[in-house]
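Annotated features in Swiss-Prot:
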type	residues	note
BINDING	His117	chlorophyll a ChlzD2 binding site
BINDING	Gln129, Asn142	pheophytin a binding site
BINDING	His197	chlorophyll a PD2 binding site
BINDING	His214, His268	Fe cation binding site
BINDING	His214, Phe261	plastoquinone binding site
TRANSMEM	40-60	transmembrane segment
TRANSMEM	124-140	transmembrane segment
TRANSMEM	152-165	transmembrane segment
TRANSMEM	207-227	transmembrane segment
TRANSMEM	278-294	transmembrane segment
Amino acid sequence: MTIAVGRARQERGWFDIVDDWLKRDRFVFIGWSGLLLFPCAYLALGGWLTGTTFVTSWYTHGLASSYLEGCNFLTVAVSTPADSMGHSLLLLWGPEAQGDFTRWCQIGGLWTFVAFHGALGLIGFMLRQFEIARLVGVRPYNAIAFSAPIAVFVSVFLIYPLGQSSWFFAPSFGVAAIFRFLLFFQGFHNWTLNPFHMMGVAGVLGGALLCAIHGATVENTLYKDGEAASTFRAFEPTQAEETYSMVTANRYWSQIFGIAFSNKRWLHFFMLFVPVTGLWMSSIGVVGLALNLRAYDFISQETRAAEDPEFETFYTKNILLNEGIRAWMAPQDQPHERFEFPEEVLPRGNAL
């Protein structure tokens, strides 16, 4: 008698079949994350292209914002809903639009459509990096690094307006619209003097500096086995092997600064840490602005400048500029509020 020892073959369910199809080796990997990424990215990009091409902002901001109205690439935008809409999701079938697509576009429904699908698309892209890292067998630091721009997007476009009175105070999706939002942030929140913004700038510019230094150092220390060292003819662009010297790079920077990275792991972790931490700090700062937390205030300088016409600092100058932004921007930016500022309340510098 023959006895066969082994496990009984389990029946493959629908989950296994779908899993196999999603993870099949193809030119563009789909994966489970692709079920979130591709539809959301397609809808967000399509909504933005539709809005910038055809949809006006007359009913929400009193502005022209589409190619159809004569704007160019730098001035088109998908504008935020009107302040009166509050934090409504503005669903097409909701009480505001009532299934009317034209009305939905006019009241700013495309902005919430693009914002939420865009956020989900970015999250899907991060999950895609996690999924592929697991399948390939590498660490998920790419996905962790990508969490930084996701944090910035979510904090600026979603959390900040949730802390304010409506979606109206979020940035509209357009180049000039983002610039207007930056001026708004400075005038109403003194954003450049916020310590979290300072850390964000240090992280982004520090990351750019590290990237430039790293690339230049690798180019400087290239060599090719079997031939004389040459920076400019040291390698073929398609070669597989590494042909730069970490030892030489370490010696070079040790002579310049007195210190240098001792190994590639610490060097590349630092290049990851600096910009990612900077972006996360900036995101935390924006969450603080959603709660109307203040930046640095140097009251003693403001008090002395108010009492002494000859005393003025760059800080007090900036405070006056912020007051000017608020006074001149509010009537333009929020015409529905019908602000009126008499000339005597508009800010003036001490030299005027």
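In case you wondered, yes, glycine gets a Cβ from its N, Cα and C as well.
Listed stretches 40-60, 152-165, 207-227 were compared with the transmembrane segment (278-294); the greatest number of C-beta pairs under 8 angstroms is found for 152-165. Of His117, Gln129, Asn142, His197, all annotated as binding-site residues, the residue with the shortest Cα distance to Phe261 (plastoquinone binding site) is Asn142. Highest Cβ count within 10 Å among the binding-site residues Gln129, Asn142: Gln129.
Among the binding-site residues Asn142, His197, His214, the residue whose Cα lies closest in space to that of the residue listed as 'chlorophyll a ChlzD2 binding site' is Asn142.
Nearest by CA distance to His268 (Fe cation binding site), out of the binding-site residues Gln129, Asn142, His197, is Asn142. For the pair Gln129 (pheophytin a binding site) and His214 (Fe cation binding site), the Cα-Cα distance reads 24 Å. Asn142 (pheophytin a binding site) sits 24 Å from the residue listed as 'chlorophyll a PD2 binding site', taking the CA atoms of both as reference points. Each residue contributes its Cα atom, and for His214 (Fe cation binding site) and His197 (chlorophyll a PD2 binding site) these two points are 25 Å apart. Counting every protein chain shown, the Cβ of His197 (chlorophyll a PD2 binding site) has 22 other Cβ atoms within 10 Å.
The local packing around His214 (Fe cation binding site), expressed as other Cβ atoms within 10 Å of its Cβ over all shown chains, amounts to 16. By a simple count of nearby Cβ atoms, those within 10 Å, the most crowded of the binding-site residues His117, His268 is His117. A simple way to gauge crowding: the CB of Phe261 (plastoquinone binding site) has 19 other CB atoms within 10 angstroms, across all the protein chains here.
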